[in-house]
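To start, the structure under review is shown below, and the notes come after it.
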């Protein structure tokens with residue numbers, strides 16, 4: 001059964017309607033998962049700071065919600081992911097109240113606390129207060145664009161899996177995911193960006209719903225996400241000091257893997273330029289240097305990314321470091 005949000009509010013002062021949505025859902029006693037900087041948006045409900053929760057004990061994490069009829073996540077990615085996981089394990093409804101828009105986890109059924117990610121259910125309601133979100137750091141909003149453009153290569157990878165590995169594919173989910181990305185790129189390339197935070201939130205929610213439709217991260221996560229995860233591995237392996245975000249890394253990864261599709265004749269030059277320019281317009285990184293990585297690190301990441309997950313992508317069984325360098329140079333990432 002496909003589970004998608006029953007209520008989606010994306011507007012100014014939306015956070016003042018949390019109680020209204022709870023009433024509409026006949027929910028009376030929610031537990032809020034939030035952070036110290038976002039607790040101020042909580043409307044007097046019981047709360048736990050997300051960094052006080054032990055997430056490694058998946059079986060007992062449900063106990064946090066024992067005395068409550070629902071769970072609300074208020075904040076960025078981690079409070080929402082932890083809230084989603086507690087709600088799933090305790091079989092309670094989950095409401096997502098994002099305070100920024102850096103990735104589609106605000107609406108998807110995916111919990112990304114571990115790798116591989118964990119499938120739960122999409123939020124029953126998403127309440128996105130644009131007054132709050134537009135005040136979040138520009139870096140986070142730029143990262144959101146990176147997460148959305150990655151849908152283009154993710155869907156191409158999914159289609160490739162269908163062709164080369166007879167993988168199950170959902171036309172409705174794939175088309176929906178790709179259209180969301182194209183519409184947001186069209187907007188940022190042809191406007192003054194005044195409505196960018198609201199347009200971005202709508203796109204991220206749509207992307208999350210495409211995942212719920214497919215019951216898989218496939219429509220929004222492909223080779224570009226593998227590249228991002230590989231960079232995370234490099235950070236830890238080499239103790240690299242960089243504050244690059246998931247969405248930023250996915251944006252650069254999209255350019256790298258789109259270059260491979262371009263060389264195989266499976267992507268138009270115009271689409272590649274659209275991807276790159278839309279990232280630049282919102283000041284998202286498009287080079288390794290902007291992410292804070294040396295050339296050799298991104299080369300190693302691209303050549304090893306295929307091994308991080310059993311998922312067929314344009315990386316197939318891997319590419320050599322020489323080929324990785326060539327791709328990264330042609331796409332002007334290095």
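The backbone N, Cα and C atoms fix where each Cβ goes, and this holds for glycine too.
Binding of substrate is attributed by Swiss-Prot to 104, 229, and the same site annotation extends, among 57, 67, 147, 186, to 147. Among 88, 246, only 246 appears in Swiss-Prot as part of the Zn(2+) site alongside 147, 225. Among the binding-site residues 225, 246, the residue whose Cβ has the fewest other Cβ atoms within 10 Å is 246. Residues near residue 104 (substrate binding site) in space but far in sequence (CB under 8 A, at least 6 apart, same chain), listed by position: 147, 148, 204, 205, 207, 208, 211, 220. Neighbours of residue 102 (NAD(+) binding site) among the binding-site residues 225, 229, 246, defined as a Cα within 10 Å of its Cα, are 246.
The separation of residue 246 (Zn(2+) binding site) from residue 77 (NAD(+) binding site), Cα to Cα, is 10 Å. Distance noted between the C-alpha atoms of residue 79 (NAD(+) binding site) and residue 246 (Zn(2+) binding site) is 16 Å. When the Cα atoms are compared, residue 100 (NAD(+) binding site) and residue 225 (Zn(2+) binding site) turn out to be 20 Å apart.
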